[in-house]
Ligand code: SF4
């Protein structure tokens with residue numbers, strides 16, 4: 001396993017990032033296929049969900065090898081590293097950190113030895129009972145061959161440790177498959193898991209099904225992935241979603257499905273707004289079509305006289321298409337995006353930093369000059385990007401800039417795998433829409449209503465999590481001090497006293 005050199009990743013422009021995703025997972029069981037390469041391309045298709053680190057674990061039936069490092073999928077792997085990962089089962093992960101720092105130790109798949117072999121696991125989501133699970137791991141009895149302590153400080157490693165270390169009533173170590181019905185019902189929060197032991201690929205989804213997870217079929221095997229678009233890219237056909245509360249196991253005996261909890265669907269509505277790829281379907285609804293419909297409804301709710309509708313590329317593009325269609329105002333490209341700007345390990349120099357948003361977006365002056373613009377974006381978190389954008393469009397000669405947003409104001413933090421910001425950093429927390437518009441320097445600002453956004457997804461409102469918009473969380477949450485990103489780092493740094501304090505009920 002290569003070891004990262006300790007560098008932390010940096011946003012290219014700190015403070016100007018949008019909502020960040022919390023990981024993409026991919027798994028394949030396919031004897032006779034190059035499973036590491038299939039996983040590489042699956043992760044490549046899921047890169048938008050996590051750009052801090054990437055990893056692939058492969059089993060050849062007798063041992064599991066894990067290769068992971070900091071960086072993008074294309075930076076971490078090459079022909080040589082993929083060529084060294086031979087076998088018939090693979091689990092892959094692309095990470096954005098929500099619990100646990102962005103360091104090599106927290107890259108996934110996580111790996112643990114068990115009494116029967118080993119386990120490698122990737123997780124999309126974020127848990128809300130991390131402190132409780134840390135207590136359970138600490139209290140587990142020692143069994144021969146099992147790793148009890150590693151340097152990882154993410155919630156995922158706790159799941160892996162629990163699955164690796166369960167024992168039966170007589171103290172006999174359980175297999176990874178036998179451990180699942182004991183462990184999965186105890187985990188609270190969002191978890192789409194893809195994991196394996198030497199012989200079997202597993203996939204499990206939390207009872208609310210907050211993050212997506214789908215099953216696909218290859219000619220000679222099976223694939224599981226965070227998004228249906230990743231199936232298309234590796235030549236797998238869509239079979240179905242992994243159901244909320246379902247565990248599946250795939251090996252030479254075929255596919256087994258079992259339930260560890262009753263389904264109580266609360267899919268994340270933000271997947272439809274921004275997170276998922278437009279070519280992905282979630283719960284039977286295409287994401288692109290949802291976004292176009294959000295734009296249409298936004299145009300009806302918040303019309304304005306203007307000459308041109310432009311998107312903030314690319315996440316605002318489908319909603320801008322819908323807004324233009326419903327308003328009758330022509331659609332155009334007013335901004336050119338540098339597609340290759342993503343995460344970088346290079347800290348921008350002061351000169352470059354001052355260029356700000358121009359590193360990502362450059363205005364097409366010839367299109368913009370003298371026009372009254374409607375600028376459509378998917379969401380506003382802190383407002384820094386939109387403020388810079390409005391200024392840039394005015395400098396490029398826009399006569400008026402009207403900002404339209406295809407989701408309601410983000411007022412509440414997400415504890416289920418999206419790193420928006422703290423509540424204090426959210427621009428909509430404590431400001432009216434008019435005040436936000438003034439702060440952005442826009443001629444007008446309007447957001448879509450919650451109901452219109454939800455209706456555009458075609459999913460029944462009670463089956464969606466909308467907590468970042470309306471504060472109605474889909475499950476009870478522990479005290480705020482038990483929810484921090486650095487929860488397990490605090491515990492490690494503070495020793496037993498801090499650990500006990502965190503676990504107190
Ligand atoms: S709080 Fe918002 S981003 Fe988080 S799961 Fe719910 S809808 Fe999605």
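Along the chain as shown, residues are numbered 1 onward.
In case you wondered, yes, glycine gets a Cβ from its N, Cα and C as well.
Copied over from TrEMBL, here are the features:
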ACT_SITE  23  active site, nucleophile
BINDING   268, 414, 465, 468  [4Fe-4S] cluster binding site
BINDING   315, 377, 378  Mg(2+) binding site
DOMAIN    23-253  domain 'Glutamine amidotransferase type-2'
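Here the features listed in TrEMBL are placed on the structure.
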residue : record                        : contacts (Cβ under 8 Å, 6+ apart)
23      : active site, nucleophile      : 49, 50, 93, 94, 95, 96, 108, 122, 123, 124, 125, 226, 417
268     : [4Fe-4S] cluster binding site : 190, 210, 211, 275, 416, 417, 418, 464, 465
377     : Mg(2+) binding site           : 311, 312, 315, 316, 319, 386, 403, 404, 405, 406
378     : Mg(2+) binding site           : 273, 274, 291, 312, 315, 316, 319, 405, 406, 407
468     : [4Fe-4S] cluster binding site : 270, 410, 411, 412, 413, 414, 418, 420
Binding-site residues close to ligand 1 - of 268, 377, 414, 465, 468, only those whose C-beta is under 6 Å away: 268, 414, 465, 468
Segment confidence, the domain 'Glutamine amidotransferase type-2' (23-253), expressed as mean pLDDT: 92
Beyond the site residues 268, 414, 465, 468: chain residues whose C-beta lies within 8 Å of the centroid, for [4Fe-4S] cluster: 210, 269, 270, 416, 418, 466, 467
DSSP-derived class (H/G/I helix, E/B strand, else coil) of residue 377 (Mg(2+) binding site): strand
